[in-house]
């Protein structure tokens, strides 16, 4: 039964699993940012599924000698173009481009489906070779010494970050004159973490990211050393760690930025850990900076972010981040994955096989503090009036006895939804090789 909070909650029910079953451990499933496609990493390959039919669209095989840990979509490509980067345990990242002639029809109205004709691409008689003919493996990125655990594109697609068991983060830049030239250069190798780097995530291109005090490209990383680090580019091509976020007591498996914020606040960050907690992190922004938006304000030549700081001063520059919330502790083992939806809800899953959905709600009294914080947790600093979190729903043993490795929110395009591309669903990926879609229904206790 789903958990309830404050008389309301959500019920999670299974939609159809994506077909075909993969029959081997699957690591993650990443939705395309604008199209009804989702890429699942498993074994030495990637299966791209259609979100319209919940069936396979195409396969990417033959590029790696060991398991593919994740696959990420390059954003902002011209219509009809697809590009994926795969991160593998063979210590390389591969770049793939779709060279097929499948028609892509962009929706023109809010909620209108973005269609992809997948019926021509796959039927029960197709061979794997037929299904990957239209994906071209165009480039191998080499440099890491051990398994690559995660990869992520910056919002513009100019930068790609990869991280590895070798404790390093590599930042690659697309320096090709035209899209498809596939010319990439290493612009930074970051080695400050003391353990495996499990995850990298770029701050999304939301209004709050572009406050004048900050450089636009911001990267977060999570590590086996129990910390999160924040990285920025200084305007001269140098990348620096500007903050170390401490509070978790075990491996930090991942981080994700808040996908939708108002115009004045820098996006928050969530992290999840082997310590069975999910934490929310907030950047402490200087009030004087906010005053610069007032008429007649004068911009100081020395910003509180990296831009504008002389080289001799950059080493001492630090940002102040605080843990502003800990979500209710329900998981009984490692939390492997969490996802923040565009409507503000958070979903999580992990080693215990449970799926949790949380929601943030403002306290009734602005002077109160959240009641769901870990007792005696001195790392949590809550300011008056900040919201608390509650559990909206729970499913136990979502993939039976198997661990669930990944969870993500994505838009629904299947035939069972009225507003295609508007309503969200959850997708979980597990050790059983199943990619499972979940529907959320609002419920109210009378």
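Backbone N, Cα and C atoms are what each Cβ position is placed from, and that goes for glycine too.
Swiss-Prot lists 17-59 with the feature repeat 'WD 1'. When pLDDT is averaged over the repeat 'WD 1' (17-59), the result is 96.
The compositional bias 'Basic and acidic residues' feature in Swiss-Prot is assigned to 106-128.
The region 'Disordered' annotation in Swiss-Prot covers 106-133.
Counting residues of the repeat 'WD 3' (143-182) by DSSP class, helix then strand then coil, yields 0 helix, 18 strand, 22 coil. What Swiss-Prot lists as repeat 'WD 3' is 143-182.
Marked as repeat 'WD 5' by Swiss-Prot: 247-291.
Secondary structure of the repeat 'WD 7' (398-446) per DSSP (helix as H, G, I; strand as E, B; remaining residues coil): 0 helix, 25 strand, 24 coil. The repeat 'WD 7' annotation in Swiss-Prot covers 398-446.
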